[in-house]
Structures are given as structure tokens and as C-alpha cells.
Amino acid sequence: MRKGQYRFVTGFLLVPVALYVIFVIWPYLQTFGYSLTDWKGQSQTFRFVGLDNYRKLFQDDVFLEAIWHNILFLVFIPVITILLALFFAFMLNAGGRGRAGGVQGVAGAKFYKILYFFPQVLSLAILAVLFNAVYRSDGGGLLNGLLIKLGLVDADNPVEWLNEPNMVLWALLLVVVWHGVGFYLVLFSAAMQSIPRDIYEAALIDGASRNQSFFRITLPLLWDSVQTAWVYLGIVAMDMFVLVSSMTQNMGAYGGGPDHHSDVMSTVMMRNFLYYGKSGYACAMGVVMLLLTLVLSVVTLRATRRERIEF
Amino acid sequence: MGSTAHHDGEGVGRRDLIKRSAALGLVAAPGMGLLSACASGGGDGDSGEGGTKGKTSKDNPFGAKKGSKLDVVVFKGGYGDDYAKAWEADFGKKLGVTSTHTGTQEITGKLQPRFNAGNPPDIVDDSGAQKINIDVLYKNGQLLDLAEVLDAPSVDDPAKKVRDTLIPGTLDPGLQEGKIVALNYIYTVWGLWYSGKLFKEKGWEEPKSWADFLAICKDAKSQGIGGLAHQGKYPYYINVAIMDLIAKKGGLDAMKAIDNLDPKAFVGSEAAQEAIEAIYEVVEKGYLMPGTNGLTHTESQTRWNQYKAVFITSGSWLENEQLKQTPTDFDMKFLPMPLLPGSKLPFEAIRAGSGEPFVIPAKAKNLPAAKEFMRRMLSKEWSTLFAKQANSLTILKDGVDPSVRLRPGTQSTVEASKAAGDNTFRYLYTEWYGEMGTAIEAASNELMSKRIQPKEWLKRCQAAVDKQAKDPASKKNHRD
């Protein structure tokens, strides 16, 4: 480096690093400290209890169940969203068969792109309101109203989508997927468009089918974007706080019902933190959540590492 | 998608490194947000009267200082917050104490950091879905013992103490370990509600026994109307019906057994068993309004206002909460829970008491003015102001000027409490044990959705009671 450059770089790094330490690292350390106490959240008086909170955590059925729900989301949300987005993106960009043998999307691709992207514009809070109306448990709900009109559901026994232990997680999953597909479609589309046309054309001339050109060309060249999408969707799956707390049945506070069947780690944590006043205990949950997310992100990045293909 | 990254075996390229660390940061992001929610400000503010205490006088026994400021935070829910503004205006006029007013639904979000940092407001109406549980605040030493206010002379009659001007029993829910730390200001009755108009149309009579109640539900069902509606997303409401049946069947002892965490509060209690079986009959025979188990309170109450169900369970805030949705000729009426055969309490007995807890934080900056403010809340003048603005009664005995005309629902609660006389009861476990309350609510929801049977319900509730009883902190709450 040239003379004076170090000072220049340091100057730029100092402020962000300081901010990061104050607003991210320090709260982390504080949280870890609190997790060793019986802090109740409304004052600064507490007792040191060692690892008691962590011991209790591993006997807390509600929290352990919540971890499983997060893992379930973690498996299904990225897989379903990415597969759908890839499929749609491929159809929009290379799915159509041109007259002159060129590569192009299906008819009306531009319009579909806008249409698909639309859900992404909505905030999670609006999404919750919207889907509460869709899943409403009486004849006034969109789904129930439709099914009753079609004679598929008895008007006296409408489906209580969010009040069915076996359905509630899937109902939430559908919302996330509906919300996310459009965004990843656009992301993948952009990446696909940067793949040189001639590669496709060469494949076409060699007689490749749609499937072959997708799996042999598109997917490998998109791998970086898919990996990014996976990480982002993993974050969504580990969180889920907004949707669960504003759509599902109340378990005292922060949703999670019926009977904790939709509780995720963050809702259990917030309930303990503020509603039950077990804040030290909730901090222990927070630390466990941090560890889990770190482990999962490392695993994800390792597992999806591939040789980069250059073009 | 050209790349500048190095991939010739010399480790991670610069761009890769940046990308990877960014990804790691992103993955950790949700955890971070939640974790930092845990972190607190810290530090203790100084409390007390230093500097804010003025001269005391007969009209101003706590010495609220002219020119000082009072920080008022009011839950802006079913009752709005206009009443508080009216009080504050009067307070400013009479004592020269100006108030900063905050009307909000986010009590926890706004106040938890302030309590935690030792910088709370001076007086708080701690209510609504996002209230901070009183037991939690109390255990943190954040609440002022209100004895001083309650033993001060009443504004209307200085010969009497404030506490002697209140409806008996209304202070109980503010009790923590024998001290009154919250003033539940609004007089509330809980039970069933119906439309007088619908009853007249169908020729139904107010049901006094459970059999009559079921008969009306049956008749309604045959005409395509739901019998009982409840606010399924918040099982708190159906617990009103269940717990009231238990208390009326088994008498006050059955109620206290639950509050006192008796090992036979549910399993082994005949009253509890019969009550839950009676409720389950409603479910089994299909007398619930279709879909009610998954509706929010506003959704199901609005359905009820549209004559889609005959009865609904709620407290007396219902009328004010539903003002806009209620047809003008709806004629809202209150009904005590009908009786099971062989009940120990009469039909007229109701769950009555007080709601909407007002608290004074122990570390309030302007304690004298806060105490004086609360003393004046319990005057006839302010109580009438409240009734006018919020359309509800207060815990002050005859606290509403006769010139104020009440709405039909509120009027019917006045009549019901007159008929009940001393036959009122009030559970306290919801105030004492938030976690146990949640467990019982979850069990009730499972029962209403037909996923568990009465036997299992009893078992689950008993388990919740036993678990709470094991908590060493629970031993200090007891009622006789």
C-alpha cells in the first residue's frame, strides 16, 4: 500500500466498527450476562443463578417444540420457494421456444414478472392482515367462503385453518412462500439474463431439451444466486416472529397457538421476556438462538459450496 | 456475471470473503435484533419527593406542587383516552400542575425500557393486550404501595377515607402479597350478553338454568343462528364462562381453591367437573357459532352484533368496544351465567369487580402530584367525567351523577349488580399467575375445538395449578 493509505482506510473503518461494537457486540455480551441471572425485565435488580436458565431450557417442552417448528420451516421454506422461483424464472427467460430457434421466455413474460413481484412490495404486517382474511375461520373467510359456495365444506363446520394443529404451520408457510417467490424470481431472472445467449443456442443446436438446458446450463450458472437466496430464506425461517404473533391464536401473548403448535423460538422468547417476566430465562433462549443460527449458517455455506463456473 | 475472485488455490478471494461475512452477518441478523431487545439501558434513576413536594393543605394533602409536571400514560383502548384528557385539564386548572399526556396501545413497548432504566412516568393505566403484567412489575419493586392514597381523606367527604367510598371488593385485584399496588378503576361485570331485540322477536325468556340456556341454543340452531359465540383467538373470554360456572356451582370455595392453588382445584372438584362437562355439551351438540373458535374478539363480537349468534361471553367494556358495529335497536343486555342444578350461588350472582389497573411507579418523579391525581380520580366529579366520556362505571360507590344517561348495556349491568347485591365473586389467579392463566386458556381452546375431552381438560388445568404451586414465589399470594 502507498504511504498514508493505512490512515485513510483506518479512518473509514473506525466509525462503523465502533458502531458495530456498541450496538451489536455489546448487547450480545450483555444478553449473555443477563442469561446467567434471574432478571425479570422491569428493573435492574437481579441475582446471579449460573447456568440454571440453560438447564431449565432443555426441559422446556414449549421451547424445544418451537425449535422443531423453526427447523421445519428451515427445511421447507427455502426448498419450496427456490424451486418455484427457479421454475418460474426459467419459464419466463428461457421457457418459450422461439420461431427462429432463439431462446426467449413464454409469451407475456414481462407482465408476469411484474405480477409475481407484487407480493414482495407488501410489508409483513399487511400480509398478516391480508391472510387473516383469507384464513378467517368462518364463512366470511376467503377460503372458507369459496369452499362453502363450492359445496366442499359444510357451512356449520368451516375449516379453522389457523386453529388446526396439523395445518397451522403449513398455512404460515404458504404465506411466506407466496410472499417470497416473486422476489427470488426476479433475482434469478436477472442472473439468468446475464448468462450469454450463445450458450443456450449452442445447446439448442446440439438438441438439448428444456430439462437438459435447465439442469446442465442454467442451474450451475445460477449457483451463486441460489446460495444467496438460501441464506436469506434461512433467516426468514429462523425468525417468523411477525407472522406467528399476528396471525395465530393467542397463548397469553405473541400468538403461537393452538396449544403452542405454531410457536417458534422468537415468540416463546418474547412471551417469557415480557409477558411472564422471566427475562433472564428469555436471554438464555436468545443465546441459544444465536448459537443455532450461527451453526446453521456455517453449515449452509459449507454444504452449498461449489466450484465457481466462469463465463 | 464476470468474476474478480481468485480461484487459483490461494484461499478465499477478497470478494468471496466480503460476501461470506456479509452472509454470516445476515444469518445472524434476526438473532441479533431479538437479542438486542433483551439488552437494557441500565442505571437507576432517583425517585422521590425531593424538589417536587409543595405545601400540603386540606385540599392538597400530598402537597402537589404548583408549576410541576405530571407524566400521564393511558391505555387508549375500548374506553379511549378523552376521559384522561378531561381529568388532566381539570387538574391543571385546580392545582396548577400541567400534564404531559400519552395515549397509547403499546404499553409494554413504550414503558418497559423506561421502567428498566428507572425513568418511569408518574401515573400509568396499565391495560390492554400489551400491558405489563402487574405481578411482573410488582416483583421488580416498581409499584408504589397505594395505601397512602387510599387512607387519605376523600375529596367529596373529608370525614371519610378514600377506601371507604369504594364498592366493596373492588380493590382486591390490585392486591399483591397483601399490598394494594394497582387501582383497578373501572367497575366491570363479566358474563353473557344478548340482544333484547332478538329475544323479543323470537319470544325467548332470559334463561336462568343451564337447561333453559341449552334449550334456547337448540331453538336458535334450528333457525340457523349460532347459540354461543366466543372470541376463539383469545381463549380468555371462554374461560369467563367456564370459571363462572365453576364458582356458581361450587360456591366461593371452589373459586378460591383455584386462586390458592389447591391440589384439588380441578381434578377432584365436583364443581369443576360438572361445569366443564356442561360447556362441552354446548360444543358437542354444535351450539357454537360456526367458526367462532378461530375468530378474534372484534370479529366474533361483530358477528354477534349481526344476529349470527344469540349469546357471547365478555365483560362490560363490550358495549363501548362495539359502539360502531352495534345496530341502534340492538338493545344490548347483560345476563349472569345460568345455573347448573344444585348450584351454591344464586342465579343473580355475578363475577364483578374492577378492571383497568392504574399504577403509580415507585420511582415516579412527581409522586405528590401522582398521588393527588389518583385521589381526585376517586371523586364524584372525575368519576362522572369518566362515565360521560368512556360510557362506563367506576369503582366509586354511586360515583355517577344521576343526570348522566347510560346506554342500555351499561344500564343492564347496573341493574344486574343491584340484583346481585353481595353475591359477587372475582377470580384473582389471572392477576397473580400469568403463566398458569395461559396454560388454562390453551386447555380451554383445545376443549372448545373438540380436541380434548372434559377429563383431559381437568387434568391439564390441574397440572398448571400444580406447576405454579411448586414455584417458590407463588406461596405469598393467598386469599381467605
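Numbering starts at 1 and runs along the chain as displayed.
A Cβ is built for glycine as well, from the same backbone N, Cα and C atoms used for every other residue.
Bear in mind that TrEMBL entries carry predicted annotations, made automatically and left uncurated.
If you check TrEMBL, you get these features:
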DOMAIN    A:67-300  domain 'ABC transmembrane type-1'
TRANSMEM  A:12-29  transmembrane segment
TRANSMEM  A:67-93  transmembrane segment
TRANSMEM  A:114-135  transmembrane segment
TRANSMEM  A:167-187  transmembrane segment
TRANSMEM  A:229-248  transmembrane segment
TRANSMEM  A:279-301  transmembrane segment
Beyond the flanks of the transmembrane segment (A:67-93) by at least 6 residues, Cβ under 8 Å: 104-106, 109, 112-113, 116, 169, 172-173, 176-177, 180-189, 192-193, 214, 218-219, 222, 226, 229-230, 233-234, 236-238, 240, 262-265, 292, 296
Beyond the flanks of the transmembrane segment (A:167-187) by at least 6 residues, Cβ under 8 Å: 69, 72-73, 76-77, 80-82, 84-86, 88-89, 92, 113, 115-120, 122, 124, 127-128, 131, 135, 159, 161, 225, 228-229, 233, 236-237, 240, 243-244, 247-248, 257-258, 261-262
Long-range Cβ neighbours of the transmembrane segment (A:114-135) (under 8 Å; 6 or more residues past either end): 88, 141-143, 161-162, 171, 175, 178-183, 185-186, 242-243, 246-247
